[in-house]
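*Asks:* Below you will find the structure I want to go over with you.
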Amino acid sequence: MSLRNAARAVARATARPWGRAAVPSNADTAVAPLRASGRRQISEFPGGSNGDDAWATRIWNTMRARSRQRSARAFHSSSNAASEGGSATPTSGGGIMVASGHPSSHPQVLVVPLNRRPLMPGVIMPVRVMDERLIQEIEEMKARGQAYVGTFLKRTEGESENVDPSDDMHDIGTFAQVQSVIRVPDISADTLKNEDEKGSSRDDKVDVKAKAEARVRAAKGEDGGGGATLLLLGHRRLRKTATVRHQPMVVRVDHIKDPKVADRDDDDVLKATANEVIATIKDLLKVNPLAKETLQYFAQRFQDFQDPAKLADLAASMCSADDGALQEILDTLDVRERLQAALVLLKKEVELGKLQADIGRRVEEKISGDQRRYFLMEQLKSIKKELGMERDDKTALQEKFRARFAPFKDGAPAHAVKTIDEELNKLAGLEPSSSEFNVTRNYLEWLTSIPWGHSSEERLDISQAADVLDADHYGLEDVKERILEFIAVGQLRGTTQGKIITMVGPPGVGKTSIGQSIARALDRKFFRFSVGGLSDVAEIKGHRRTYVGAMPGKLVQCLKSTGVSNPVVLIDEVDKLGRGFQGDPASALLELLDPEQNGSFLDHYLDVPVDLSKVLFVCTANVLDTIPGPLLDRMEVVRLSGYIADEKRAIARTYLEKTAKERSGVGEKEASISDAAMNSLIEDYCREAGVRNLQKHLEKIYRKVALKLAKAKGPEASKKMGQARNKVAAAKKALEAKEDELKKANVSAKSKKTVEAAEKEVEDAKEALAAAEAAVIEVIESTAMSDPIVVDAGKDLIEYVGQPPFQTDRIYEQTPPGVVTGLAWTSMGGSTLYIECTAIHQNGTDKKGGTLTTTGQLGDVMKESSSIAHTFARSFLAGRFPGNTFFDDNALHIHVPAGATPKDGPSAGCTMITGMISLATDRPVKPNLAMTGEVTLTGIVMPIGGVKEKTIAARRSGVTTILFPEGNKKDWDELSDDIKEGLEVHFVSMYDEVYKHALSAE
């Protein structure tokens, strides 16, 4: 390494620059032209890049020659000027050094106190000032013309006599010219803290270097900013004599001129000392090239380079001595003593530079071996990469697995870390051609892809979660309340745990979609899989690794795909689990859905316990009867009933119709459905408990509307719309990508500027999406038809969706004797059920009475209910009407219409008994009355289930009076007022009360 390169390396390793204090970025800007001029002069010398002794000598000799030339020119140009006038001397660097006025014009000066390093005459130095009044006064002086101040070094503690405020400073200072005043923005520690928490403004103009310096000061507990930086040029020495003013301080001074050295060319001692100083400066340039900056500045601004007084001040300014030693040189007025003291400091500086260079050389030798090895390894990697030799390298695979596992290693349990390390060591010892290598490789792929202990931040804001749930679904108050309870518990505890919530209800009521809304409300990842018809345990627990094509179970795949350990997992159709020779999946779900066990869920493939305790499981089912008891015991059941007509209408107007229009490409104002058509659609076409069929009919209507609009508009409108919608799709995709980048930036704790840039990109993507959606609306409006299409009830609706499949649930306007309206619960919701009872006609005198025949695909439970009803009806008739022998004389036949539909359940007992009694007494049941309830042989009416569904079915069929068991009064009280409106309900505990309300003439 050359001498110059070595000097540069030493300078970079030094704690602070040599010679003078470092100039801040703004001060560097102020003196940049001066430095540039000096660099241009230095670069003119050949051999300067080698940094050898000849180079330093040539620099020195050339500077001395040019200094003599400038001195001669200055002498001729200033022969007509006043000896002490305020003349301006042009410098070689293009700057102007304004000569100070006569000492008599500055008998008192404004004081700039120095905390470190006194300012030497002939030297330029930046000074930081925090006193605002002092800064303002200097700025006012600059505004009037040239500003001059006096700089005095502060004394150390214990030196001041404290008689006068100016006694805190040394008596000898420097008369200085203020070349520039640079304000420093106030970046305090509090400002930086707020900036980290809230993000800085886009218009923040504080430069990066100032921020970094403020952060360092804040970390050290120092002041964070403010004040100004003064760029001062020293002229001559001052001695303060008295204090004129305290704030800001003004002192009376005596200007000290350097004494004239008589016949200095004949003074051999002084000349020899000066030559030694020059030689030492040359030596200093060899070990510290940074000192040449001070030397260049001095050579450009002073004509007499051989002046011993100026040479002594120059030498002192190039040293990094302590403040006291430099102040002693400033206090020394005798030129010989001053030059001698400066020479001592220079010698120490040279020795210190040599010592530093020696230390740097030893350190460099120590690390050169490691650097050489590092460089060779990097070259080897590059060569292998170019040749494609690392494609199947085991080392590359190990590095890939370690890098993938690194973000999760801190949160991973000890057994997982141990297993991964063992498998990596095992992989290193296997041959790539062996079958075990691929098995181990796939195993590590799964092990390192699981987010061990990594959970996403979830939203525990109750009001915001409620807004999300309400925006996606109408009604479903039970589910929403349960989710808000879950959030409230997590908010109070500060953390959330997994739960198992099972939603049971008829199809189309929003069970699956509410799972997605729950994930969005909690700001969690969402994963769904269906277990309907699932008969293989390995789908849940995974395969053993010994099998070909073995894979982990669904839950491990969920963790890999979501990348977090706390997703929302929707297990759909849990009531339709199958069972085969591969095992019982319902039993496998016992461990998965048990909060006490899923904290260490063991997958057969991984064979390492996985923590699933933070997963929120949401299961869906239509019925609970087919779910095994032990599995149902682990679930928290939330029932979802069907929707009434008013709820369906609100859902259709709020959600379904809007979605159907968007999917069909129909504009908001281009078509609509009248209220009468919507009511007819709900009552005559879509009577099921859910709204899925209603959604299908709405989409069918708007598809036919779209066909009419497309024929009328032509292909050009279709082309414009396609382009606009493609832009919307692209904008949505870009927004999702930017939001993912922002989440990654927040999680990885990157710099604030990176996060701010990501936030700005997200905002820009949102604006682009809004503009694209506005463009779609504009295209729709520009191509809209003048007359919108309105779908009305009657023939118009039939044209779009065909004839209504249901006219009414009521078969009878007025039920005859033997026919009673019952209420049933089905997986599709509730429905009305007619029980028809009649006597079997018999010919001849040998009539067989007391027998009962049932039809209508009745299940075993319902057949037993019919037998109980027959027995109780005979007993009840004999007790209430002793002379009535109808049951003894006639055989009965009970039929439940809709014979193709299987029916089962005990709740038709009341209805069957009433039908038999009605037939036997030849009395019809009161009009618009329906009943439900199980009856025992002693006439006790037992409670039933599905009160809400049965009530909704009764309203839909026009029933006004309902008989419920007394045990279901609590269920009735929980119903909302809009469901109970217009219904007369009687609660019965014995069948006598049923007879009284249904058949009695009282």
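Glycine is no exception: its Cβ is also placed from the backbone N, Cα and C atoms.
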*Asks:* Which is it, of 70-103, 818-851, 954-987, that TrEMBL names as region 'Disordered'?
*Replies:* 70-103
*Asks:* Test of understanding: give the count of other CB atoms lying within 10 angstroms of the CB of LYS511 (ATP binding site).
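*Replies:* Around the Cβ of LYS511 (ATP binding site), 26 other Cβ atoms lie within 10 Å.
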*Asks:* Pick out which of the binding-site residues GLY508, GLY510 has the most other Cβ atoms within 10 Å of its own Cβ.
*Replies:* GLY510
*Asks:* Near GLY505 (ATP binding site), how many other Cβ atoms are within 10 Å of its Cβ?
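*Replies:* Other Cβ atoms within 10 Å of GLY505 (ATP binding site): 25.
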*Asks:* Quick one: Cα separation, VAL509 (ATP binding site) versus LYS950 (active site), in Å?
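*Replies:* With the alpha carbons as reference points, the distance is 16 Å.
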*Asks:* Around the ATP site (GLY505, PRO506, PRO507, GLY508, VAL509, GLY510, LYS511, THR512), what further same-chain residues have their C-beta within 8 angstroms of the site's C-beta centre?
*Replies:* MET503, THR620, ASN622, LEU640, ALA689, GLY690, ARG692
*Asks:* Rank the recorded positions THR512, SER907 by the number of other Cβ atoms within 10 Å of each Cβ and report the first-ranked residue.
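*Replies:* Its Cβ has the most other Cβ atoms within 10 Å: SER907.
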*Asks:* Return the member of GLY505, GLY508, THR512 nearest to LYS950 (active site) in space, with distance defined Cα to Cα and candidates limited to these binding-site residues.
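*Replies:* It is GLY505, whose Cα lies nearest.
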*Asks:* Which residue, out of the binding-site residues PRO506, PRO507, shows the minimum number of other Cβ atoms inside 10 Å of its Cβ in this structure?
*Replies:* PRO507
*Asks:* Cα of GLY510 (ATP binding site) to Cα of SER907 (active site): how many Å, rounded?
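*Replies:* Per the Cα atoms, GLY510 (ATP binding site) and SER907 (active site) stand 27 Å apart.
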